[in-house]
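One structure is given here, and the rest of the page talks about it.
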Ligand SMILES: NC(=O)c1ccc[n+]([C@@H]2O[C@H](COP(=O)([O-])OP(=O)(O)OC[C@H]3O[C@@H](n4cnc5c(N)ncnc54)[C@H](O)[C@@H]3O)[C@@H](O)[C@H]2O)c1
Ligand SMILES: N[C@@H](CCO)C(=O)O
Ligand code: NA
């Protein structure tokens, strides 16, 4: 039966995502009410620049005082789409203290302070939902938290940043320059306010921390995630990848160790074979594989960024949180009971592609191979190519079998000390095989 008193929603931030949330709340008001069992009313919209015209939003709802809005006491759900750490964190905790539940898209904040925010939600019998924080529109948080709650997740691997996938895809398919591709991603509303978060992979690392935490029932913070951005990926790297039948993607990889006693989380550019489904993820799309004991491999795919797709995830959370409130209940909170240690990058085992500039003379190959053997790194393939410039140098491209990051680092350090190795041109991990 439909309740007539509306549930009141406060919207904090009316930018790319917030303006779409407001639009959908208005245009889909009847459907949302029917699905929830009560009407939802936009009770206030906190903005930074009140003079901006906001189509479809009653100007009397607009305020620059977000704190007063969350303190009103009659707000049922606060939707935080401001981003960043402060004032978002204080506004969310104040919202809990004043009886509201919270829906947020803020991965940076959740990766840094998720545990404290969950504790605050629990203390005040409120919900904290954040489907939009990871992989935009793609349902991923709720499947991990709820649908897979009876299974054991061993690995989460995928593309979780739309901006960098858009840039890498453009560079690969059209030969576009890095800046040109980034400007386009920003204009389309994919990039963060400061695109450093995207291209230096802080955004993807925050998402990896959130995913690993939920998947492994363990607290994983941003600082626990190994991070390498994509600003140093060059056209030459794409050419090498192509020669190997691969492309380059910025991947987030969260894994349980083989003995199950620890976990790792990392974000870095990697080569993947063109035959792998992740290789054909284009533009700002995201795709994430989840591997679990009973389910086997699941793939989640869809728009990972942009105003409307992200608003879709926010609205889904809003409906769920409103239903919980009508039932006098709360949904699942933090689950960190496993408390597994999070290992550093040295423990990660993967394959590597290493390109060396070496002297083009007898015995060099044997010398290089010996260094790999001494560090316990097994070589899969080696390709040597003499240079046409007559400088007496050659390129040596080595692809290894699976080896630990620590063993590979030791190998590279020793290779650099050989007189015959003039330089290490590139090192890239090879995933997805
Ligand atoms: N854009 C996307 O594709 C996308 C996807 C997923 C998640 N997110 C997340 O959603 C959140 C919002 O992102 P966005 O792209 O809409 O950013 P945005 O910069 O377009 O919007 C944020 C808005 O908040 C306003 N704001 C800042 N401080 C404020 C304050 N104190 N009070 C009221 N308003 C304030 C800004 O003026 C701006 O209009 C971020 O956490 C972001 O990481 C964005
Ligand atoms: N800037 C982010 C937004 C979605 O979280 C991206 O490009 O993926
Ligand atoms: Na999502």
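Cβ atoms here come from the backbone N, Cα and C positions, even for glycine.
Model, not experiment: these values are computed from the prediction.
Going by TrEMBL, these are the annotated features:
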| type | residues | note |
| --- | --- | --- |
| ACT_SITE | 207 | active site, proton donor |
| BINDING | 12, 13, 14, 15, 16, 17, 18, 19 | NADP(+) binding site |
| BINDING | 107 | NADPH binding site |
| BINDING | 192 | L-homoserine binding site |
For the recorded NADP(+) site formed by 12, 13, 14, 15, 16, 17, 18, 19, name the remaining residues of the chain with Cβ within 8 Å of the site's Cβ center, in chain order.
11, 20, 21, 22, 81, 82
Out of the binding-site residues 15, 16, 192, give me the one sitting nearest to residue 207 (active site, proton donor) by CA distance.
192
Can you tell which of 107, 207 has the most other C-beta atoms within 10 Å, given these are the recorded positions?
207
Cβ neighbour count (within 10 Å, all chains shown) around residue 15 (NADP(+) binding site):
17
Checking proximity to ligand 1 here: which recorded positions out of 15, 17, 19, 207 have their Cβ closer than 6 Å to it?
15, 17
Of all the binding-site residues given, 12, 16, which has the fewest Cβ neighbours within 10 Å once its own Cβ is left out?
16
Contacting recorded positions, sequence order - 17, 192, 207 vs ligand 2, Cβ under 6 Å:
192
For residue 15 (NADP(+) binding site): DSSP state (helix, strand, coil):
coil
